[in-house]
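S.K.: What TrEMBL shows for this protein is this:
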type     : residues : note
TRANSMEM : 39-57    : transmembrane segment
TRANSMEM : 131-151  : transmembrane segment
TRANSMEM : 163-182  : transmembrane segment
TRANSMEM : 188-208  : transmembrane segment
TRANSMEM : 220-237  : transmembrane segment
TRANSMEM : 286-305  : transmembrane segment
DOMAIN   : 311-383  : domain 'DUF1736'
TRANSMEM : 372-391  : transmembrane segment
TRANSMEM : 403-424  : transmembrane segment
TRANSMEM : 430-449  : transmembrane segment
TRANSMEM : 458-476  : transmembrane segment
REPEAT   : 499-532  : repeat 'TPR'
REPEAT   : 601-634  : repeat 'TPR'
Amino acid sequence: QTCSQHNAEAPNLEQAFHRMAQTEPNLDRDVSWFLLPSYWAKMVVALISFLCFANSYDGDFVFDDSEAIINNKDLRAETPLGDLWHHDFWGSKLSSNTSHKSYRPLTVLTFRINYLFAGGFYPVGFHVINIILHCTISVLMVDVFSILLGGLQFTNKGRRLNLAPKTSLLAALLFAVHPVHTECVAGIVGRADLLCALFFLLSFLGYCKAFRENKEGHNFSIFWVLVSVILGAVAMLCKEQGITILGLNAVFDALVINKLNVLELIQKLLHKDKSLENAGLLRKGLLFRITLLMSGGASILYIRWRIMGTGPPAFTEVDNPASFADSLFVRAINYNYYYSLNAWLLLCPWWLCFDWSMGCIPLIKSISDWRIIALAALWFCLIGLICQALCSEDSHKRRILTLGLGFLIIPFLPASNLFFRVGFVIAERVIYLPSIGYCILFTYGFSLLSKQAKKKKILAVAVLGILLINVMRCALRSSQWRSEEQLFRSALSVCPLNAKVHYNVGKNLADKGNQSAAIKYYREAVRLNPKYVHAMNNLFFFLKERNELQEAEELLSLVFFFQPDFAAAWMNLGIVQNSLRRFEEAEQSYWTAIKHRKKYPDCYYNLGRLYADLNRHIDALNAWRNATVLKPEHSLAWNNMIILLDNTGNLAQAEAVGREALELIPNDHSLMFSLANVLGKSQKYKVGNQSFLSAIKANPNAFFFFGNLAVLYHRWGNLDLAKKHYEVSLKLDPTAPGTKENYNLLRRKLEQLQKKGG
């Protein structure tokens, strides 16, 4: 499992292979910063990273968490584990045309473990794991930065030395407290980025172990190179970016292990110089190791492509408008503007937003747009850094700048739109890994300034101030991620032109029952994006509730103009038509909705209500049965089946359906109540009594529960208990229909019995 290279230079090369030249500059020499033992440095980083995000531990499920976790059937025990390997991150089949093709089975597996251990959808456990993962990654960054900034050197016993303890601590702290990481840590869906980063770093550290001196004196270990490839594959199974570590390992090998001078190599290739081995290309097995990395990467990508089943995911223009621009110039200039904004978020992470799509960043359509300055600034800085990384006579400077740029750019490539269209404009979560490169460049810049500065302590205090500001910003941003209301409202000042922000604020208000305010935000979302069919659909719902049916129907006609296959809109149209007693049109609308969405339990439920109104009882029961097959926890469909069977005198069948429903939804008080009514009519008073009491225990404030239980006691002949429960029902609602009449009848009966007894 090891490979050795035999040539005349072997003894000298081996010595250089395991030790950095002592004459190389040391970044720590001129830096005024804390010097701590490795153990204490890691403890400090872990503690500070924990403090940054600790207040997110008891947050809710927010934004994408609903789809990825709460509505994801892959988390439930009844879903076979094998399905995780054929489904995307959101629980859809990868072979489906609607799949996002985000293949992250290991991340979904951790969600499933969270769900099983918690016994349900309790967000605390999910948040705690995210915080622990970020703390672990931040601690690993101390080792990673010590290698990237100080080089790779081992003792004779194979123990790695930390040649940059001060700067590696600073870089790790910068990484740990960067506010742009809040989405990954405080948002549970960010688990994908955290797990990917964890195995990404383990792959890098594993690759470094391949060059540890061993007893046989071999140059490198094939075993650790292969372990690195496997860990890279694991990282990709957590999130797609993970595959980029294989490219970074190759860059590290060339620059640090082989001390390759890229500019010199290019010049030799251009001049067809035959002395490429002396340039470092073939020394120490570099070509062999890069071949291993490339073969491993190609195999992983091929398997990933085979699993994906179909072509790339289909995104819409609102997800990534620049990628739909007809002009190559417009696409290129906007992509570069997005890159500059990502860079700005690393430099100044003050304006953070959960979503940057839907008009948040208007397209640049001409060179007269002042935002072109941002592109010029980005490329001015990048070209300057690249020139220094290639042309500097200082090999130490070349190495650090190239590694910094490599870690900044290479992990970002999958999100760059260069190879395939992505489904977002800017996503803060994808900057988690590239921020490693930013921390390297920042720390190196700090060391250069410290070397020139006369008052190094003032510079150190300034950096300490930046860290403190970032810690406070992380804490503030984490608190905003605790609930959807805070998260969505925080985006209004950052992206006021984003229709999705207004839509989500409106939806949150609607969920809280504030219809008037919700309508206001939905109207603003439609104004900002006249093609926003989801906002139109939700606005339609409230207009329908306010009986503004004409405007509601006109709104839906617009929805169908922009998206004829929008199933939810067809269902809502059916609801309006049903309200207007246009039953045939309503039935047709419901079936159109089902045509566009085969598995649509809510639509089957509404179709059943239509059939019940038309006294088509068998059709109604079949529709509700379809709803419960598609969604076994559909309480309303079960309830309507029980009530319809009860009303039509099919008490035995109603009882069977009620018991079947309660096996699936054992704590549903409405089902307990409906079943109790059926049992009472069937003269099964004892069992009916138990069912009523269970319903009352689950919902003690429902007056009609007590009223109907009183009716059961009345029929059973237990008149005192009947009187007691009538009185409780009337106390809860003195105007309860029917209860007062029944109570008066009972009182008269009791008075008659007393007279006879007297």
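Heads up, the Cβ atoms here are built off N, Cα and C, so glycines get one too.
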S.K.: So which residues does the transmembrane segment (220-237) touch in its own chain, when a touch means Cβ under 8 Å and the partner is 6 or more beyond its ends?
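M.R.: Answer is 1-3, 103-106, 195-200, 202-204, 206-207, 209-212, 214, 243, 245-246, 249, 284-285, 289, 292-293, 296-297, 300, 304.
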S.K.: Other than its close neighbours in sequence, what residues sit by the transmembrane segment (131-151), given a CB gap under 8 Å and a spacing of at least six beyond its ends?
M.R.: 20, 24, 26-28, 38, 41-42, 45-46, 49-50, 53-54, 56-57, 160, 162-165, 167-169, 171-172, 175-176, 181, 184-185, 191, 194-195, 197-198, 201-202, 204-205, 208, 252, 256, 399-400, 403-404, 407, 436, 439-440, 443-444
S.K.: Can you say which of 39-57, 163-182, 188-208, 403-424, 430-449 has the most Cβ pairs under 8 Å with the transmembrane segment (458-476)?
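M.R.: Ranked by Cβ pairs under 8 Å, first place goes to 163-182.
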S.K.: Check the transmembrane segment (163-182) against each of 188-208, 403-424, 430-449 and return whichever range has the most CB pairs under 8 Å.
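M.R.: By Cβ pairs under 8 Å, 430-449 leads among 188-208, 403-424, 430-449.
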S.K.: Cβ under 8 Å, sequence separation of at least 6 from the ends of the transmembrane segment (188-208): give me the contacting residues as numbers and ranges.
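M.R.: Same-chain residues near the transmembrane segment (188-208) but 6 or more away: 61, 63-65, 68-69, 89, 104, 106-107, 110-111, 123, 126-127, 129-130, 133-134, 136-137, 140-141, 143-144, 147, 152, 160, 224-225, 227-229, 231-232, 234-236, 238-239, 241-242, 244-246, 248-249, 252-253, 411, 429-430, 432-433.
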S.K.: Short question: which residues 6 or more past the ends of the repeat 'TPR' (601-634) have a Cβ under 8 Å from it?
M.R.: 567, 571, 574-575, 578, 583, 586-587, 590-591, 593-594, 640-641, 644-645, 648, 661, 664-665
S.K.: Along the repeat 'TPR' (601-634), what average pLDDT does this model show?
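M.R.: 93, rounded to a whole number.
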